[in-house]
Amino acid sequence: MRFHAASAISAAALLAGSVRADAQSVLSDASSSVASAASEATSATSTSAIELPTYTPSKIKAPFLEQFDDLSRWKESRAKKDTKGSEKEDEAWEYVGKWAVEEPTVYKGMEGDKGLVMKDVAAHHAISAKFDKKIDNKKKTLVVQYEVKLQNGLSCGGAYLKLLRDNKALHREEFSNSSPYVIMFGPDKCGSTNKVHVIINHKNPKTGEYEEKHLSSPPAARIVKTTELYTLIIHPNNTLIIKQGDEQVKEANLLEDFQPAFNPPKEIDDEKDSKPDTWVDEPQIADPKAEKPADWDEDAPFEIVDESAEKPADWLEDTPLTIPDPSSKMPEDWDEEEDGDWVAPTIPNPACDDVSGCGPWEKPMIRNPEYKGKWTAPLIDNPEYKGVWAPRKIANPNYYEDKTPSNLEPMGAVGFELWTMDKDILFDNIYIGHSVEDAAKFAQETFHEKHPIEQLLELEDKPKEEEKPIKSPSDLVFMDDPVHYIKEKLDLFFTIAQNDPIQAIKFVPEAAGGLAAVLITFLAVIIGVVSMGGSTPPPQVKKAAADAKAAAIDAKDKVAEAVASGTEQAKEQINKRSTRSTS
């Protein structure tokens, strides 16, 4: 009986070895097919294989639309920066920073697409372009949209634009920080400060003076080297929206979310009013009727000696707390005649480490239960209290009510007046108009065409992660390392199958029933990376993905067939031998 059972097991083991060879052959072919297809898909996304879209001028119409084919509409400023009233009032600053129209050099996402580039570091730049016709948004939506590409990041500086007030004094060659503007919008970062500015220069209808109104809690700018799209929308109902890319990052109300407020308060404090001398503003006073208790001892000490304490039995009263350092030696250049007797430095006595203490023992101090401290009368509510004094309110002589601050001053030009510590900041595709839909279409033609490709290029540029320590098959996680996961599971499956195919299927079911499915999942990860960004993948990527998927499905069928066939054959052999042994 034992002989036949052993023979059956041996036959099963031999057959399992045959199954392993067949399955490994199938999986080897499948892995090669999938690896080849994955390699083809990956190479299709490499810098050399990506076919960049070609720049085509937009046919969208707007009051102002700029794609920077050249600088014909733009004028560099030669003015001096106004430093009056600043810490650098005695210094003269000129706008010497150079501008250029050129294609990006970092993560280029479109062929032939040029932008306006700030070329110098630590220099003041100023450039502007006049509108063909002034832009007036009264009772209209205003849309300001443009692209910013921080090719070298942004450590300290601005990348915002200004819409300049339309007036006769608007001379482009004299454009400077003191030029009157209507809106300042865009990113600004230096140190811990990082925000998307929205500043509106608002005219006081009573005095005619202008005051800057700043958006409260502005969103943070995205400091990336790929192109970022900034959009500002101001609606006639006084609502404001800021978008970065397609994401709305801020919604605000002009009448509620700006500092200082567009409308001043109706009433203000009377500067001539002062607090009367008889005004009582102490809410509580010491109770005048209270008396110190007769048994209150103000002289009782806070602590007293604990008379009940006893010296610990292991206290070494005759042992000093410190001893001369036995490892120290008198320096060779020590002259006792000049320097005096040399005394070794002391260290804590090691004999005191394992006992309660050393040296003269004294009873410890404890809190005095009779201590009460200095007596003070308890507080009571002040019957004369009149409350917190505040000056009386009077009508604000400068009060006005602007119900539609969204009706901005007419605008006659757009300009960049900036200082930065990072060169090659690029601006492109400016839309200034009244149509949210047209601005979105313009973004589809420009930003959304190149941005996904820029993201792929940035992904390729990132350094590969370091190899992680090897885990046991039971601890492996597929998403951590799909290739290693598949290899370890296969090895474990075939090792068990050599002795017992049935146990191999039970112990590693993912290997027996879904090894090829794991490969398909791995392929899905690759295809997901290839197609990320929302852009349509190139034809060669689609073909590679289709080939890889077909190879993986074929592999799955072959593996399942090989494993199932081998298992059934093993069962048949064992049953035959068991039947013969009992006959």
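One is the number of the first residue shown, and numbering goes on along the chain from there.
Quick reminder: no glycine exception, Cβ is built from N, Cα and C everywhere.
Where the annotation comes from TrEMBL, it is an automatic prediction and has not been curated.
Given the structure is predicted, the values throughout are model-derived calculations rather than measurements.
Here TrEMBL flags 266-278 as compositional bias 'Basic and acidic residues'. With a cut-off of 8 Å between Cβ atoms, the residues of this chain six or more beyond the compositional bias 'Basic and acidic residues' (266-278) that come close are 389-396, 399.
The compositional bias 'Acidic residues' annotation in TrEMBL covers 296-307. Residues 363-368, 370-375 of the same chain lie 6 or more positions beyond the ends of the compositional bias 'Acidic residues' (296-307) yet place their CB under 8 Å from a CB of it.
Cβ contacts within 10 Å of Cys156 (disulfide bond), excluding its own Cβ and spanning all protein chains shown: 14. Look at TrEMBL and you will find Cys156-Cys190 tagged as disulfide bond.
Look at TrEMBL and you will find 260-340 (among others) tagged as region 'Disordered'.
What TrEMBL records for 564-583 (among others) is region 'Disordered'.
Annotation comment: TrEMBL describes 1-23 as signal peptide.
Positions annotated as transmembrane segment by TrEMBL: 511-533.
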Secondary structure content, the compositional bias 'Acidic residues' (296-307) (per DSSP, counts of residues): 0 helix, 3 strand, 9 coil
Helix, strand and coil counts within the compositional bias 'Basic and acidic residues' (266-278) (DSSP): 0 helix, 3 strand, 10 coil
Neighbour count (Cβ, 10 Å) for Cys190 (disulfide bond): 14
